[in-house]
Amino acid sequence: MKAGRIKQWAAGLTALALPVLAFAQAALPEPSRPHRWQLNMNRGVTQLSNNAYDAHMLALWICVGIGVLVFGAMGYAMFKFRKSRGAVADVDFTHSTKLEALWTVIPIVLLVAMAFPATSKLINMYDVRRSEMTIKVTGYQWMWKYDYMGQGVSMTSRLKRESDALRQSGKVPTIEANPNYLLEVDNELVVPVNTKIRFVVTADDVIHAWWVPSLGWKQDAIPGLVNEAWAKVDRPGIYRGQCAELCGKDHGFMPIVVRAVPKAEFQQWLAAHQSTPAVAPASAAPAAPVSPAAPAADAQPTAAAVPNSDAPTAPVAG
Ligand SMILES: [Cu+2]
């Protein structure tokens, strides 16, 4: 075999190994944060995100299998039946009923094999029964409002002032100095781990979408409509996301930060915020929207709760 041909084969084999490399990345220690040259999606920190990952990997490996078989057969045929070896084309072969049946049945079997687990995972995704708590998420231009239903805690969450200042300063942010550029908020959404949390998602002006990739789903926030989703976070950590529906000029500047903490710590946090008149964020930005603890379980956002909005009206019943 000539050296050039060996090189071609080596390149082909490397291309085939790429999905294996992608798979190997799944074992990295920080699953929630993307990193340079990442090839595969993150596993996330909920059962739903793991389901999505598994469905994705199943489809990927089936594709890899098909790719190896098809390109292998093509390569073999081109090599074995090459002109220099005196191969002559078979001009009489027009069709084969057996082959046609085979290449119809095999894809059907594969599709059904993928559809069964995917459907059960999809049904599970919308099953919000037996939730232990409910958080109402309301999208505004351009921030989020969170109501811990029945707990008497409400707050708004918007882009951290430092991030906003850097954005408007004209300076070029670096990954070293600003690893979470435009992904920081004044009030983080604090949630307990290992707790089934039902999220009801709506909006008060235009359509937004609440998306934290590590939770494994994205839900549209639509005025006049209440969408549902749920999450049970496996481990403590900070999980970042963004609005995922083009909602206006500051669409890119309404990040989401979820801080998952142990249950006991969450109870402390909740108690602290129920008793004090205002949510005390980590950064006490004076103009940060800080709402008083809502007195009633189904507190509606008021002008006081959402200070800078253009008089948001009460969202739909949630
Ligand atoms: Cu938005």
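Yeah, the Cβs are placed from backbone N, Cα and C, and that goes for glycine too.
In TrEMBL, the region 'Disordered' annotation falls on 283-318 of the listed ranges 67-102, 103-138, 175-210, 283-318.
As a summary of secondary structure, the domain 'Cytochrome oxidase subunit II copper A binding' (130-272) carries 25 helix, 62 strand, 56 coil according to DSSP.
In the predicted structure, the domain 'Cytochrome oxidase subunit II copper A binding' (130-272) carries a mean pLDDT of 93.
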